[in-house]
Amino acid sequence: MPGSSPCMLEKPHTLPPEEAARRLGVNPATGLSNEEARRRLEICGPNVLETGKRKGFLEVFLEQFKNLFVLMLLAATVFSFYVGETVDAVLILAIVLFMAILGAVQEYRAERILEALKKLASPKARVLRDGRIVMVDASEIVPGDVIIVMEGDRVPADARLLEAKDLYVDESTLTGESVPVHKKADTILPEDTIVSDQINMLFSSTYVVRGTGKAVVTATGRNTYIGRIARMVAETRAEKTPFQVELDRLAKRIAAIVVLIATLSFIIGYVFQEADLVDLLLTSIALAVAAVPEGLPAITVIVFSIAAWNMARRNALVRRLAAVEALGSASVIATDKTGTLTVNEMTVRQFHTPDGRVYITTGEGYRLEGGVFEGDKQVTAESSPLLRLAGLVSILNNNAELENGKIHGDPMEAALLVFAHKLGMDLTQVKKEYRRLREIAFSSERKRMTVVVEGPEGLLVLSKGAPEIIIERSTSYMTIDGSEKPLTDAEKTKLLEQVENIAGKGFRVLALAYRRGDKRDLEASDDVVESRLVLLGMVAIIDPPRPEVPEAVRRALEAGIKVVMVTGDHPSTARAIAEMIGLPRGRVVTGQELEKMSDDELKRIADEVMVFARVTPEHKARIVRVYKELGHIVAVTGDGVNDAPALKLADIGVAMGRRGTEVAKEAADMILLDDNFATIVAAVEEGRRSFDNVKRTVLYLLSANIAEVATVFYATIKGIGTIFNAAMLLWINIVTDGFPAAGMAFEEAEPDVMKRPPRRRGQAILGKPQFTYLLLLSTIETVLTLSFYHLYAAELSPAHGRAAGFLALMYAELAQSMALRRLNTPLSLKIIPSNRQWLAGYIVGAILAAISVTVLADLFRIGSLSPVDIALIFIVSHVAVLSFEEVRKRLGLHV
Ligand code: ATP
């Protein structure tokens, strides 16, 4: 590739488009070949800003040692070695290494999952390769690629425009200027034109607000304008979830307390009991290390990334880990209608003329079979000038395409094409006969679309849109014989009632209108062009609810989640669909009413609203804000560019994977790959499940830690000396925390996850009930441990007492991990095998515990226990913990 650098074309804005393409070595008509693109990708590197160095396993492993407590342990090892306790030293070292490996494996896996998810959710770009338009990962774009951008696209790289149609680009990310820039392909600019004036260029990271464009890529990745000014833009750090922050804080507090207790027991032991200094020091250090829950915040990452993975398998791609947590607490889901609640497969079922005739259309979906009937009589465009014009609007005021039952573009427009075909019109022929001279594009705010076309009868203005708007803009209507009559206000009212009627049956209603035009319509303002229309009639379109949605709505309601429909459609259509899918009866508030309401008024009725209809994206953001201010955790769906603010504002912004624009996807926390409402509910369930899993792991680890500290502390003040030495404490952590705790992250959803109300905003994970639980459980475990200690110490020897206490604590913890598999409902034996990870951890833990008091007894310097003793301790610990838990659950002491 000629030019200053093989991966970049300098000053492309000074070149004519063809020259830019030539210098970049590409034919604009066909784009690069796949092979050439691959070659350039190798030379120039991927089109990404940050190099995003991937952490290897070794790095993750070494990071485990960047931890004060591990360093303390290593110091303890050296110390033990120094004072001649070689066995202890080796044991501690082995255990530390093992824990580091275990920690690293978990973290590494979580990171890989997140990375894979990131890849799945990566932005896409439309590019011409080998003469065909394909979607590729934006990271695979190379200099010389010919890209095609349209409304809602994020521009993937810097590019010189080859063609631009009505193209407006928001460049606020680069220039701070929020007014979209009108781009033009056919200008050549002086060399010193500043970026914000380079209207023949597209820049990476900006986005298309309107229109379409074709451009040749001049720079990618770090060579782009944004890449150059932002070389320092480091990868955004994974932000912590509120849960993580809470756990962080908690872990710090506990650490402080534990260190305090460890110091205290050291002082007491040394001053009052005159215990062995070396032993005391080692125990204190080990106590601090074993009991400090430094792994607590990491648990959320592990559990939530597993959840994110599960969600991805269920078609919900999470972009921020915090969203998993938020999903678990979602209390309001504000959802679009079209395509999310409905199948978005549209069929025109009826055509109503202004003078009250009704035509029925037969046939389903986008298949071309079927016809239009008045009673038993089939009609065609030839039957009446009115029907012919309705067909013309359907074909020409339309950007969709139909190809063997497959559609491209807006499904509603595709339905209109099918309708025109059923009227006996030849779509290709009509498109050839009429040339489009102007388009006034559809937007959710305008709720209408107009084209000016030139055909055999001269210029025609063809409009379609929301009936109230088209009727308002019409001054006359056409009768079936083709004559035009003035439209009085009384007739308008009657027509609107008729619309109400049709919409009330769940049909989407769209009005069609036309007007003879002239040259002035090419220059006049949009408003002028779209006035003095002649109403042709209304089409009634059916878009049935997705079959799985009523069940999903029922589940959401049962889970205490408010589902509210937010739609641009007519209130009556929206209400009918809302009723079909089983939303509880409630108010239908229109965008117009919304505008008149103050926030306070809106808040007062917010709970009763079933549907917000005829709303714009701006209203949507306000709705989200109001529900949030009411204390709700809000999920909202969106697909358009203008939905981005609402998506960002919501606790969980949900973008549509299929219909959604790149901008919406980028603003969202989660992407629905199948655009389906039921997937949101499934994700909520997964969120709640992972919430439970974090909770059970935290409760488990903390009560075990408290019991350990309490036992050691008791032993010190009682003058028993070292019950558990450093190695033993670490061993307990491996046996109990390492194995079964890791399995807890995989626990299935409890049967009642979707039957309880959502968590309230700001509600702590560890509140009073949880602290009570911790206190009670750690007391039981401590009492068990000490009882066995005393029993065996009295009967056999203190060394046997220590072994018995050691084993009792481990078995009590294992029993607790079993009980916690159901947080608040009684256990049944049936569930035991359902979580294989946990079961394996439990069995390995139980065996390791038994080994430690037999084979390894000498190493730990404790007495060796007989199989009968082991069985006895196993049974007693399990009975004690499990029966306590069963009683707690039955008493309704929920955690
Ligand atoms: P939802 O918000 O649930 O997706 P919607 O598709 O009706 O529903 P919008 O896309 O905001 O919402 O459309 C608003 C209204 O604009 C529609 O109800 C329809 O009357 C009109 N409309 C939609 N698409 C077009 C179009 N391509 N041309 C003309 N009018 C349209």
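Glycine is no exception: its Cβ is also placed from the backbone N, Cα and C atoms.
Predicted automatically and left uncurated, TrEMBL annotations should be read as such.
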Per TrEMBL record, range annotated transmembrane segment [choices 315-333, 866-884]:
866-884
Against which stretches of its own chain does the transmembrane segment (723-746) lie, if we need a Cβ under 8 Å and a gap of at least six residues from its ends?
73, 76, 80, 88, 91-92, 95-96, 98-99, 102, 106, 279, 282-283, 285-287, 289-291, 295, 299, 302-303, 306, 693, 696-697, 700-701, 704, 708, 711-712, 715, 789, 802, 805-806, 809-810, 813-814, 817, 820-821, 835, 837-842, 844-845, 848-849, 852, 859-862
Using a Cβ cut-off under 8 Å, which residues of the same chain at least 6 positions beyond either end of the transmembrane segment (839-860) come close to it?
87, 91, 725, 727-728, 731, 734-736, 738-743, 803-804, 806-807, 810-811, 814, 817-818, 832-833, 870, 874
Average pLDDT across the domain 'Cation-transporting P-type ATPase N-terminal' (11-85), rounded to a whole number:
84
Across 89-108, 771-793, 799-819, 866-884, the most C-beta pairs under 8 Å with the transmembrane segment (698-717) come from 771-793
Which sequence positions outside the transmembrane segment (771-793), separated from its termini by at least 6 residues, show Cβ-Cβ distances below 8 Å to it?
699, 702-704, 706-707, 710-711, 714, 720, 723, 800-809, 812-813, 816, 863, 869, 873, 876-877, 880-881, 884, 888, 893, 895
For the domain 'Cation-transporting P-type ATPase N-terminal' (11-85), give the DSSP counts of helix residues, strand residues and coil residues.
43 helix, 1 strand, 31 coil
Residues of the parent chain within Cβ reach of the transmembrane segment (254-273), under 8 Å, 6 or more residues beyond its termini:
280-281, 283-285, 287-288, 291-294, 702, 705, 709, 712-713, 716-717, 719, 721
